[in-house]
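Taken from Swiss-Prot, the feature FAD binding site covers Val14, Phe15, Asp38, Asn53, Ala57, Asn58, Arg63, Ile64, Val208, Phe432, Lys433. Here Swiss-Prot flags Asn97, Asn167 as N-linked glycosylation site. The annotation S-8alpha-FAD cysteine is assigned in Swiss-Prot to Cys399 on the grounds of similarity to another entry. Here Swiss-Prot flags 1-22 as signal peptide.
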Amino acid sequence: MPAPKSIIIVGSGVFGLSTAHAMSQNNEFASSKITLIDSWNFEPSGPSASAPNPSAANFDTSRIIRSDYSHRTYATLAREAQQKWKADWGADGRYRNQSIVMIGEGHSMKQPMKALESINYVKHAYAQSYERAGRNSDIVHILDSESAVWEALGLGTPDEASKAGPNASELRGYRNHNCGWAESGATMAWLRQKTIHSDRIDIHIGQVVGLRVCSDSPSESHVNAEPRVCGVILDDGSQLTADLTVLAAGAMTPRLLGSPTLCDVYSETVAYVQLTEMERRELVRREFPLIVNVARKIFAIGPDNQGFLKLARFSWSGYRDVQKFAGVDVGPRSQAAPQEEDGYGACGDLDQTKLSPDVESTLQDYRGFLRELFRSGDGGDLGGLRNIATRPFAQVRRCWYADTVSTDFIVDYHPAYGKSLFIATGGSDHAFKFLPVLGERICELILQSDNGKAGPSESIQELQRLWKFPGGDSHAKL
């Protein structure tokens, strides 16, 4: 189908900004008038420099970039994106290669999965990573004992590290050298600049509070004509019109649609430890990896470009995946965040003197994780790194998620409004790594054509199936 004559994109996050950039580079949209709307003024000093939005989920120092997905389509997309991260998208320090160690608790990595073991998720991820590395054990290799895990972390082997055999349940995992992390805040600012300097996108600052629904004119009307979304309503009462509205407002998307069950919207706590320059250099020297501990449901990234060691919890969807491989059905979260909650959908720093019990509990988990890593009173040669375990958190941040039940994105036309409203949301805590390729695929889905680009394993039909609008909300009207 031809590109619409006028397009509004609501939201300048991962989905919205990548779409705007891709449209600016796609000749199919050369005649389209494209407007990108966000409430945040990214260019307060003029168009030559962009400042990240501190309330956005992507305002962060680091995001893990890896391609070991069990689903072929995601794996294909992730590998394509990773190649771009290693080129211009990750230039100037925006992407850095760093190996990842994924660990869980259970029996030998070489044994079949056993019920109730968190190591099952790790075994599955290892199998995918090993195959995609061409079965090259120099790139992906097993850590089949607690001692091997500690050696891979570069932190020495604790005196109490288990020396048990393969039939004992202990900490095990694997290391993948084909991974890294990206500085998300800097990347989004860079992409804004590329998009602005294309001179193809109009930037509009404003808070969208609703979608404008229109009916066909009398000359075009017919029985049972479906309504159309013909633009947006801003908080100052003004309206902007377009043939196509792309709603990519992250955690705010369900609220704007009036579809609270479209995504599970909730927040988690992220904490940062400021490393000294000596600690940063020492961790780099020891080839300290990215760490994903599925037993603890915690992952760590660092040292980053600001010298932080970042600690975060699995999203609920990630936790559910781990439990699924252990044979445990955890179902949906028990409590949804009320949409009228103060600060709903807005990320930001937390006042550490006024933390809720839930946040305090999470920080205690992080502290325990750090004490395990940088322990004292054992044979490990840690030197001054032990101080990391007890240092106060330099920053505690609230981060919002928009999970789908399947963890698949929602990138599709809203079925109740024809081809006038397109939804791009449901990042489920894994969308950022696809940033270099996501906008291109969204454009293909808008045009309902792959323009000959997509291969047989990632056809437009497969993406339409994978990212379709969920049936339960398909007839929700604005």
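Note that Cβ sites are derived from N, Cα and C of the backbone, with glycine treated the same way.
Mapped onto this structure are the features recorded in Swiss-Prot.
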| residue | record | contacts (Cβ under 8 Å, 6+ apart) |
| --- | --- | --- |
| Val14 | FAD binding site | Ala57, Asn58, Met188, Gly250, Gly427, Ala431, Phe432, Leu435, Leu438 |
| Asp38 | FAD binding site | Val10, Gly11, Ser12, Gly16, Asn53, Ile205 |
| Arg63 | FAD binding site | Trp181, Ala182, Ser184, Ile301, Phe432, Lys433 |
| Asn97 | N-linked glycosylation site | Lys86, Cys179, Gly180 |
| Val208 | FAD binding site | Val10, Ile37, Ser39, Val232, Ile233, Leu234, Asp235, Ala249, Leu256 |
| Cys399 | S-8alpha-FAD cysteine | Ala57, Asp60, Ser267, Glu268, Thr269, Val270, Ala312, Cys347 |
Field: Neighbouring C-beta atoms (10 Å sphere around the C-beta of Lys433 (FAD binding site))
entry: 25
DSSP-derived structure type at Val14 (FAD binding site), helix or strand or else coil: helix
- line: For Ala57 (FAD binding site), the number of neighbouring Cβ atoms whose distance to its own Cβ is within 10 Å equals 24
Secondary structure at Arg63 (FAD binding site), reduced by DSSP to three states: strand
Field: Extent of the FAD binding site in Å [max Cα distance among Val14, Phe15, Asp38, Asn53, Ala57, Asn58, Arg63, Ile64, Val208, Phe432, Lys433]
entry: 31
